[in-house]
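To keep things clear, I will list the structure first and then write my remarks on it.
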Amino acid sequence: MAHGPAKGITRWLYTTNHKDIGSMYLWFSFLMFLLGGVFALVIRAELFEPGLQIVEPEFFNQMTTMHGLVMVFGAVMPAFVGLANWMVPMMIGAPDMALPRMNNWSFWILPFAFAMLASTLFMEGGAPNFGWTFYAPLSTTYAPPSVTFFIFAVHIMGASSIMGAINIIATILNMRAPGMTLMKMPLFVWTWLITAYLLIAVMPVLAGVVTMMLMDIHFGTSFFSAAGGGDPVLFQHVFWFFGHPEVYIMILPAFGVVSAIIPTFARKPLFGYASMVYATASIAFLSFIVWAHHMFTVGMPIAGELFFMYATMLIAVPTGVKVFNWVTTMFKGSMTFETPMLFSVAFVILFTIGGFSGLMLAIAPADFQYHDTYFVVAHFHYVLVPGAIFSITAGVYYWLPKWCGNMYDETMGKMHFWMAFIGLNLTFFPMHFAGLAGMPRRIPDYNMMFADWNMISSVGAFLFGAAQLLFLYNVIATIVSGKKATDRVWEGSHGLEWTVPSPAPYHTFSTPPEVK
Amino acid sequence: MLKQAKSCFAWLLGLSFTSQFALADDVKRWGVNMTQGVTDVSREIYGLHMDIFWWCVAIGVVVFGVMIYTMIAHRKANGAKAANFHESTTLEILWTVVPIIILVIMVIPATKTLIKVYDTSEPDLDVVVTGYQWKWKYEYLNQDVSFFSSLSTPQDEIYNRAPKGPNYLLEVDQELVIPTKQKVRFLITANDVIHAWWVPDLAVKKDAIPGFINESWTYVEEPGIYRGQCAELCGKDHGFMPIVVRAVPQAEFDAWMNKKREAAAAIAEAAKQTLTFDELYAQGEAVYQKHCAACHQADGKGIPPTFPAIAGSPIANGDMRAHIDRVLNGGQGMPPFGEQLTPVESAAVITFQRNAFGNNTGSELQPIDIVNFKQGL
């Protein structure tokens with residue numbers, strides 16, 4: 001029965017093994033993270049000083065668009081799917097994912113989608129230049145020809161996400177070891193189960209909206225063209241009906257990762273497990289009824305404006321519950337601060353700051369001043385970078401010894417953390433100020449009154465970028481020549497994944513474990 | 001090593017504090033907060049912003065305070081032993097209910113302000129604001145005054161060939177003038193893609209959407225100049241379509257309106273004159289640089305395929321009426337210029353395009369031809 005992986009390239013092409021596929025997802029997402037990061041650095045380099053120095057406005061817009069698309073669909077989402085592939089079966093005592101062939105397929109269509117998206121940079125007319133939110137009619141009537149390739153790439157990414165989500169739901173609902181009841185599952189498994197339902201609910205909506213664009217562009221329909229009886233605002237409603245749950249898709253699994261790490265290094269069980277599960281479900285539900293808070297300035301009737309303001313403010317309640325639970329988990333623990341814990345503590349603090357600015361943005365009248373300024377850019381980067389990215393990084397440091405059997409270099413890990421932490425705050429904190437002072441987002445040039453904050457942001461961005469190269473080096477060095485790790489790895493670790501040897505064998509839990 | 005790091009840090013500080021570019025003294029630097037603005041509504045919004053900000057600070061102090069305390073006090077290195085509590089229904093209820101109370105406290109004033117912002121009834125003056133790629137058109141409803149307002153910052157400042165003025169990228173050729181102590185309603189729409197009309201001091205930000213008319217309003221008490229920018233990504237020159245509003249007392253406003261009407265009459269008169277080829281060419285070149293070069297480029301080579309070249313263009317070298325039609329009415333993604341160019345300017349720029357960049361039609365156009373074309377003659 002026990003057999004290892006196939007030899008050569010076919011191991012990766014044909015594999016149905018959840019660990020192989022998880023690794024491919026993670027490497028792919030890191031590659032996309034670097035690519036999206038390069039786009040971000042082009043933006044920050046141009047914004048270093050007022051005036052146009054490095055790129056033209058046309059290319060600048062392509063960079064903001066591609067940065068957003070690559071980071072959201074190429075870096076964050078696949079990274080979480082990679083973590084799920086590796087960890088969900090091992091956490092619930094399953095031998096593999098429920099649908100292993102579909103698992104292979106859902107990964108392998110991704111590189112093609114992103115190759116197609118990236119190739120638009122070299123096309124006549126350039127890459128998509130209408131922002132990652134691609135509002136019509138800028139993205140339809142006024143779009144460059146490459147928009148068709150963008151649409152097809154989004155279709156493929158959506159198909160990949162839907163297949164991944166189906167697989168995760170099927171695995172969690174059908175393949176738990178005996179005794180692993182739903183309310184015994186690690187929180188990472190819970191958050192991913194809920195995320196998977198969100199994905200299945202909203203990715204088809206995204207596919208629908210890009211298909212309507214395709215029809216408008218090539219087949220003479222007028223869904224989004226007022227001249228033909230359509231409505232450009234319809235686009236925004238449909239897009240954000242996808243887009244708001246999408247932002248929770250990028251943060252709920254992060255909650256799960258952090259909820260695994262903090263108890264380990266506080267050496268104390270997670271506080272309020274059941275309330276964490278209910279809070280996650282509440283956030284997921286609320287995510288479907290708040291979408292138009294992205295559209296407070298489109299001219300909705302006041303009743304709609306008020307409804308979306310109230311519903312949005314409500315999100316603060318379950319999110320607050322989560323933060324309070326993490327803090328109480330730490331309280332009276334016996335804490336150590338290894339790299340995963342550092343990233344997780346930073347996650348709690350900085351994500352909360354992002355939550356605060358989110359609460360401010362929810363106040364509709366105040367949003368008239370915040371909307372589409374750098375304040376918004378600061379807000380969503382505070383929830384996505386120290387939120388999604390830090391939790392993924394924490395997860396990698398936390399589980400890497402289990403994956404490859406070797407311990408990473410702690411000093412280098414801490415150095416990575418502090419560089420990333422300082423770099424990110426230097427980059428994104430001044431954006432709050434620039435935005436409040438009146439700087440609109442998505443502009444390649446600005447008045448001198450915003451110059452100082454922008455210069456600091458640009459310096460911070462390059463520091464943050466450099467930190468990621470150190471991360472890459474540390475991971476490779478660990479895999480190649482790290483010290484041997486124990487099976488438990490961490491003194492305070494609990495859960496099925498720590499009961500298997502390090503590195504985890506190619507097949508784990510061929511015989512289901514008994515969960516008491 | 002340390003010394004190197006130090007000098008590197010000093011260099012960075014130097015970069016950010018004594019910046020490399022010339023800064024005018026009257027530029028407000030290091031701004032950290034939202035403007036209070038100059039209207040009742042903007043001050044109310046500022047108040048809401050500060051209220052919610054201080055709530056966040058208060059919650060932050062408690063949450064981060066506990067975190068920092070626990071990270072210092074409960075370290076394994078200090079011999080802390082882990083407790084084992086992991087549930088408390090009382091706590092969970094407490095930290096669900098308290099945030100809800102705070103939200104209700106915030107929501108009441110926010111709702112009141114929102115209702116005020118939405119009350120666009122009974123204005124003293126209506127201004128139709130239309131967003132174009134990449135300029136604004138202002139039309140005083142039923143007053144026979146309308147004009148375009150576009151960026152007046154020279155390209156040399158943008159491309160760092162000249163020092164930047166204090167209102168860099170926030171200056172326009174024609175300001176929107178409104179009377180003080182009057183309720184001015186803005187009817188906001190767009191001609192091509194979605195834009196957003198935003199003036200921070202008035203706390204007015206409303207999307208300009210093609211095919212739809214949004215409403216907003218302001219009531220400015222003190223005369224002054226208030227600057228803003230387009231806030232919705234609208235294509236290449238999104239960052240280059242500022243808004244300047246000048247609020248003046250009613251009498252001054254009336255005088256300004258009369259002057260605008262006279263200027264319109266003068267333009268109609270000018271359309272009757274006949275110009276020489278050289279006059280047309282010279283004036284056309286100026287119009288081209290101002291209105292056409294952003295897309296078709298100063299050298300007429302364009303950025304194909306989105307922005308086709310004028311040099312060798314089949315339109316600029318072909319049928320005259322097709323050329324006039326394209327300039328006045330737009331097409332294939334190009335916006336119409338018929339309304340924003342005077343007949344003299346249209347005739348001049350078409351003459352210029354047909355004879356510049358190696359185009360050699362030798363043809364020229366008089367303002368009256370444009371007037372006739374517009375009338376279908």
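Glycine is no exception: its Cβ is also placed from the backbone N, Cα and C atoms.
TrEMBL annotations: computationally assigned, not manually curated.
Since we're looking at a predicted model, the values are computed, not measured.
The domain 'Cytochrome oxidase subunit I profile' annotation in TrEMBL covers A:12-516. According to TrEMBL, the transmembrane segment annotation covers A:25-45, A:65-86, A:107-127, A:147-175, A:187-215, A:247-266, A:273-294, A:306-328, A:340-364, A:376-400, A:420-439, A:459-480.
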Stretch-level contact, the transmembrane segment (A:420-439) and the transmembrane segment (A:147-175), CB cutoff 8 A, at least 3 pairs: no
Residue numbers, six or more beyond the limits of the transmembrane segment (A:107-127), whose CB comes under 8 Å of its CB atoms: 13, 21, 24-25, 28, 32, 35, 58-59, 62, 65-66, 69-70, 74, 78, 144-146, 149-150, 152-154, 156-157, 159-160
Same-chain residues near the transmembrane segment (A:147-175), Cβ under 8 Å, at least 6 residues beyond its ends: 69, 73, 77, 81, 84, 88-89, 92, 94-95, 97-99, 102-103, 105-107, 109-110, 112-114, 116-117, 119-120, 123, 127-128, 130, 134, 139-140, 185, 189, 192-193, 195-197, 199-200, 203-204, 206-207, 210-211, 213-214, 217-218
Long-range Cβ neighbours of the transmembrane segment (A:25-45) (under 8 Å; 6 or more residues past either end): 53-55, 60, 63-64, 66-67, 70-71, 74-79, 81-83, 85-86, 107, 110-111, 114, 118, 389, 392, 396, 427, 457-458, 461-462, 465, 468, 472
Other parts of the chain folded back onto the transmembrane segment (A:459-480), taken as Cβ under 8 Å at six or more residues beyond its ends: 30, 33-34, 37, 40-41, 44, 393, 396, 400-401, 404, 406-409, 412-413, 415-416, 419-420, 422-428, 430
Ranked first among A:65-86, A:306-328, A:376-400 for CB pairs under 8 angstroms with the transmembrane segment (A:340-364): A:376-400
Per-residue pLDDT averaged over the domain 'Cytochrome oxidase subunit I profile' (A:12-516), given as an integer: 96
